[in-house]
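Chemist: This structure is in structure tokens; I'll ask about it shortly.
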């Protein structure tokens, strides 16, 4: 399935799902007495009753630890976080309410992402003398992704629960299938490459049956081996980190102030709209930089790609990346899963190698998830003991997951393992969140609850 076909599949699926709400809402409006249930529906998280189980040793905690460890390890390796696994686990097994489960899930994603970033900062790029985290792509996608997440979170109180479930199934099945397809392509390419690498070894015996030794010559200038500290210093780009941190601080301050403002007032909309110029300025700066570098390389006949991506940085492709960033963040905020489920497959789609795609997506996800954690903490939406415990589990899982998978890739010479892990995590998330969403939607239909769009201001 080509990239254009995949985008067409997502757009058509989302459009049909959203338009179908209008027909359902029209039929529901014929019965006005159902409108009294608007603020009582289970998909309105603002009215969900808090359910915080005590942190005690039992089979639920053991299951949460195991699933949290495996989900964090696989999620960070794939660059998708694992929110689609954590939320069902916290609600079905541990017993948290949906709102608290989403908040704790963000804590787990933040912990796993932070430890994964720390590991990746101490790892060299597999093929080039550049940082393994692509800061250009991070600066390009992070502001638009965070902007989209804030818009998606706002829309999540408007969209009906059944529609969110349909969007989850459409998105996750599409991205997992596309990622699996790319993984198969990469596996075939790696198989051919591994066969080519073994061919010189077959010529170590000459025509007379004599064994040839030292047929491969060392370079005249041996490659310098860097220490972990040297690699760490090389992978850090302080100026770009400062820009990313500044964007994070600005978005966080706006969210914190906005939470204390009455919804739908003038000040509320001013703060909400203030996020757009911030994201646009940072994105525009980085997009202009990439375009000029690409144009300069093309004028000199240099076909080397800018960033780790093979995409041509034309105005049309830059606009496409901006659209994907906003839509990815919006869908991520709408579904409560963050932007990793979009950014990870998107980086692979534009030609970034799996190791760099995983490191960059996890790096960006660390900023977006920590923004949500700060907001949830100020609103007191999760119990600290459980959040700290599961975040500690995720920190260990993120580090050791990266370690074992990187070692396995080095031994097998197959970076496509990252793509298969990414595809598997997204598919598992589609199953868990889809099943739970369908079950709750059926219950809502049975109870004759309102199935249309909610009013934004009254749902805050």
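Each position is counted from 1, following the chain as shown.
Every residue gets a Cβ built from N, Cα and C, even glycine.
TrEMBL: automatically predicted annotations, no manual curation.
Below, the features straight out of TrEMBL:
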type	residues	note
TRANSMEM	6-24	transmembrane segment
TRANSMEM	61-94	transmembrane segment
TRANSMEM	161-181	transmembrane segment
TRANSMEM	241-257	transmembrane segment
TRANSMEM	269-288	transmembrane segment
TRANSMEM	318-344	transmembrane segment
TRANSMEM	356-379	transmembrane segment
TRANSMEM	386-405	transmembrane segment
TRANSMEM	417-438	transmembrane segment
Chemist: Count the CB pairs under 8 A between the transmembrane segment (61-94) and each of 161-181, 241-257, 318-344, 356-379, 386-405, then give me the winner.
Modeler: 386-405
Chemist: So if I exclude everything within five residues of the ends of the transmembrane segment (318-344), which remaining residues of that chain have a CB under 8 angstroms from its CBs? That is, six or more out.
Modeler: 75, 78-81, 83-84, 87, 102, 105-106, 109, 140-141, 143-156, 159, 164, 167-168, 171-172, 175, 179, 283, 287, 290-291, 311, 350, 357-358, 361-362, 364-365, 368-369, 372, 422, 426, 429, 433
Chemist: Could you check whether the transmembrane segment (241-257) and the transmembrane segment (269-288) come into contact, where contact means at least 3 Cβ pairs under 8 Å with the two residues of each pair 6 or more apart in sequence?
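Modeler: Contact criterion met.
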Chemist: Using a Cβ cut-off under 8 Å, which residues of the same chain at least 6 positions beyond either end of the transmembrane segment (269-288) come close to it?
Modeler: 136, 139-140, 142-144, 146-147, 150, 154, 243, 247, 250-251, 254, 257-258, 261, 313, 318, 321-322, 325
